[in-house]
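Engineer: The signal peptide feature in TrEMBL is assigned to 1-25. Annotated active site per TrEMBL: HIS414, ASP466, GLU475, in sequence order. Look at TrEMBL and you will find 509-544 tagged as region 'Disordered'. Taken from TrEMBL, the feature compositional bias 'Polar residues' covers 532-544. Sequence annotations record features per position, and here TrEMBL assigns domain 'Carbohydrate binding' to 543-623.
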Amino acid sequence: MEKFMRLASLVPLVLVLLCFPVAYSGHDYGQALSKSILFFEAQRSGYLPHTQRVNWRADSGLNDGKASGVDLVGGYYDAGDNVKFGLPMAFTVTMMSWSIIEYGKQMAANGELGHAMDAVKWGTDYFIKAHPQPYVLYGEVGDGNSDHYCWQRPEDMTTDRRAYKIDPSNPGSDLAGETAAAMAAASIVFRRSNPAYSSELLRHAHQLFDFADKYRGKYDSSITVAQKYYRSISGYYDELLWAAAWLYQATNNQYYLSYIGNNADSMGGTGWSMTEFGWDVKYAGVQTLVSKFLMQGKAGRYAPVFERYQQKAEYFMCGCIGKGSKNVQKTPGGLIFRQRWNNLQFVTSASFLTTVYSDYLSSSGKYLKCDSGTVPPSQLLSFAKSQVDYILGDNPRATSYMVGYGNNYPRQVHHRGSSIVSYKVNPKFVACREGYATWFSRKGSDPNLLTGAIVGGPDAYDNFADERDNYEQTEPATYNNAPLLGILARLSGGHGGYNQLLPEIVPAPKVTPQKPAPKAVNPQKPAPQPKTRPQTPASSGPISIQQKMTSSWIANDRTYYRYSVVVTNKSTKNLKFIKLSILKLYGPIWGLTKTGDFYTLPSWLNNLPAGKSLEFVYIHSASPADVAVSSYTLF
């Protein structure tokens, strides 16, 4: 959390020519991805689901919004405290969604797509509650001043949980705009797996953008308690352009295309040359996203304007890799350095933009244009990799700044929940000041491991002190992790082909990996068996799915395959209802009931008891279909 007004300005940093870190041994990016997603479960507020994997946490904030007559239970705590700040939470959800949109296939290959989508939905479910009327949005629950006076587990909170909102009389275009961007981006994430939910998110996004644009003003002028922590220094023009860009990406509605084009100059989209991207300043993100539209051929008559957006995007990219007119500052070890307070938030955000822009350029067959000359896209990806490798331990201190990754990582994290014994281990109430006396001042390791958290990180000289009261360096934040999801998924995917300019198609979550399509066969020979390998069951929490090919034959010179799919209820409760998504099915299916675009339990089966399995079969002349759990109900 930003505990005092940030002093960062919008003026680009001066050039500091320093070397990149030397090469070290490779990292397990897949493992780092899994851990970085897990961190979001530790930040959850509200009623925790039965699928909760961070088991040292318990329910918290169960009366949020009650005094205001609205249900605001849920959402995320932003950092090491117990306040729910709407602006950084919305940015977090936008960046998680962007990560999934670009690299969902790689997340699926790692078995993490479902968890990533769950993390997004935890945020968007809360935003739906926080937006009860078209021109009303709740932007904060809790008060930073009283919260910082106490060191308590979320489960013990005794601090003020007042809810703060924006409305036409008290506008907040930056807050409403960022939340609109989050809802629009998330609508793309859920378009295939949950179309009704996707439509609901889009409806909120349209309303929130209209609210932001029609009633203009800075949110921290209306929610003044946020000024010491998340002050909107950049104003709200960047969020208006950001929201319009995401709504155009989600809808292809020409209104939003025109908005981006017509307001490019007046709102600074083609004016600001940036070396910073984060929860406050969105211009570099806007410029990158608009550059994608241009390379996709979606700019229409605004192509000349979008080219100027792209010039600014490339200013940012060139500055990151040290080939621009004004380059970002770096530590002696090669890490981007923007400010001493939670510097890694800027590292992960900038690295995400260079990663996606590298793939945009590669997809279009173009090079980056810098002051020093043309640069191949691979240099942008190499730069992002160098920053991630530094975070994971390739640095002068050989310290991993992701908690729980590697052997040498922060043990005294500035985080209330992880630093106090778990409520489930000892439910004895921890009073407000008692927490400081008993737990905050301890010099030992945290009793609960905050797996996957990206802490604030080292200073300008690569120094770091692992001390709980060193909040500038040891406090984590959700917006540190969110951009990292996409980079880690990209790096874990290796050097396979990428075309980021194709239409966004997020794969269905938790799907059994596809096998190559069978080759044509000679009808005189026995039907070949597709090469298979043991499959890891796909699952959605307590529901597992495992399918295999059981037989094959040839008819009319075509090879057909019979596939068996076993759905197992691994929970301790009865499965009352399940909705399955089955894609790439080209033949008949037996053992399920089709309802619209989904499949449910057969009509003769009222429920699936705990520990029991259901088998269904299908036949077609292709590789296995994509089978995934869309939703389910246990009782």
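One-based numbering along the chain as shown.
Quick reminder: no glycine exception, Cβ is built from N, Cα and C everywhere.
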Engineer: Could you put numbers on the helix, strand and coil content of the domain 'Carbohydrate binding' (543-623), residue by residue per DSSP?
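Structural biologist: Split into helix, strand and coil, the domain 'Carbohydrate binding' (543-623) gives 0 helix, 51 strand, 30 coil.
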Engineer: Excluding near sequence neighbours, so keeping only residues 6 or more apart in the same chain, what lies with its CB under 8 A of HIS414 (active site)?
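Structural biologist: Correct list: GLY80, VAL455, ARG468, ASP469, ASN470, TYR471, THR474, GLU475, PRO476.
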Engineer: Among the active-site residues listed here, ASP466, GLU475, whose Cβ has the fewest other Cβ atoms inside 10 Å?
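Structural biologist: Minimum Cβ neighbour count within 10 Å, taken over the active-site residues ASP466, GLU475, occurs at ASP466.
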Engineer: What mean pLDDT score does the domain 'Carbohydrate binding' (543-623) have in the model?
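Structural biologist: Taking every residue in the domain 'Carbohydrate binding' (543-623) and averaging pLDDT yields 84.
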